[in-house]
Amino acid sequence: TKDEQVKQTPKTESEHDAILKAVSSGDLYLLQELLKGLDVNTALLSTDTLLHLAAEHGKEAIVYFLLRQGLKLNLKDREGRTALHRASERGHTAVALALAKAGADIHATDLMSKTPLHLAAQNGHENTVKVLVHEEKKMKLILLINFQSSALPQILLDKGIDPNISGPKDQTPLHLSALHNQPALMALLLRVGAQINSITQDGFTALHLASQSGHTEAVAQLLEGKADIHVKDKQGRTALHWAAAQGEVGVIQLLLNSGSNTNATEKEKKTPLHLAAMEGHTRAVSVLLAGKAKVGAKDMDGCSPLHYAARNGKERAARVLLASGKSKIVDDKNVWRRTPLHLAAEHGHELLVGLLLETGAKINCLDNNKDTPLHCACRDGHVGTLFNINPLMPINVSFEDRIHKTILLSDGFVESIKRHF
């Protein structure tokens, strides 16, 4: 919580002094060496955190380093003060701005009920006051959008707040209005100069956020405003990837109609069809296939959309993929030479196993470990998955795996048989 107090952790005096010296002198390299194996959130000999010390001494590089380590922003010292209080009191404007942008609570009060703004003002730090006032206005705007306040137009137009100001994680008002499906606010923001393709720290545009939330009206409005449909986030995903992952068919259709690349790949080389198939979004799979998605596309592990549908037991999605006319995908192998049947058998998905065999999947194919689908089923206690389909199935039990064991001698086979029969 914001009022969480720092827990003291005993350290030797020499350790404390060395860390204190590194922070106060701004020696980032030395600090990194001293912190190896330590929790950056751990207090020193007092209730100060490393962030308190860096903020008090105005060591901007140290502050940014600590923020990257995920250090808690709003921990308080014995006086109830956060790192932002310390920076504001000393007039370290750049540090105060960095902390505020990272999400430090600008309204936090100390034991004397003073906020960082109070401390900056009473010590005559005019620039710090200006920064904190600006950040406070930004937060008010962010809150108004989050709570869908009708007062937003008044604030924007009468007070002249920049429509492209960014809050936590670099989210702008347009990001938030798209996320909350507020077309009227989006229209206003775009009219007064909001940047339609601005990105958050995660690389999301407003179109990403509206698409993953299934807000078709917001998506349509952004597309009409010429939002870039090809922008990729930090995972390498386009808006179409997110719509597919969430099964948002209406959004998928809008994006396809606007020219989205059905076969765009993210960092793991997955296409939107991979994501729709692994989640079992059957209608999304159908729409993507109709939009020329490649049913045999391979990701970095060599897995096709059918591999993921088989592994996750998404029988209806698998059926749509198999019905696409590309029958050879039934025996596609990934980098470990595993077929969809290996994965379905391994996870005990009986309906999937039956479907794959009906479509012509090879029952005795070997992966890199020389395991057949039956090896995989036995090892994970699913021997019945195969025998339930067809007790007379021509399974070759003489295949030896990489350690020269046949299925009958493989780990788990006897236990699987006992459980099944």
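Backbone N, Cα and C atoms are what each Cβ position is placed from, and that goes for glycine too.
Unlike curated records, TrEMBL annotations are generated automatically.
Copied from TrEMBL, the annotated features are:
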type	residues	note
REPEAT	46-78	repeat 'ANK'
REPEAT	79-111	repeat 'ANK'
REPEAT	112-133	repeat 'ANK'
REPEAT	169-201	repeat 'ANK'
REPEAT	202-234	repeat 'ANK'
REPEAT	235-267	repeat 'ANK'
REPEAT	268-300	repeat 'ANK'
REPEAT	301-333	repeat 'ANK'
REPEAT	336-368	repeat 'ANK'
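Within the model, the repeat 'ANK' (46-78) shows a mean pLDDT value of 88, rounded to a whole number. Mapped onto DSSP classes, the repeat 'ANK' (79-111) shows 17 helix, 0 strand, 16 coil. Distant neighbours of the repeat 'ANK' (301-333): 268, 271, 273-274, 276-282, 285-286, 289, 295, 339-341, 343-344, 346-347, 349, 351-352, 355-356, 359-362, 365, 367; these residues of the same chain sit at least 6 beyond its ends, with a Cβ under 8 Å from one of its Cβ atoms. Nonlocal intrachain contacts for the repeat 'ANK' (112-133), taken as residues 6+ away from its ends with a CB within less than 8 angstroms of a stretch CB, comprise 79-80, 82, 84-85, 87-93, 96-97, 100, 106. Taking DSSP states H, G and I as helix and E and B as strand, the repeat 'ANK' (301-333) has 20 helix, 0 strand, 13 coil. Among residues of the same chain six or more beyond the repeat 'ANK' (202-234), those with a C-beta under 8 A of the stretch's C-beta atoms are 169, 172, 174-175, 177-179, 181-183, 186-187, 190, 196, 240, 242-243, 245-246, 248, 250-251, 254-255, 258-261, 264, 266. Taking DSSP states H, G and I as helix and E and B as strand, the repeat 'ANK' (336-368) has 16 helix, 0 strand, 17 coil.
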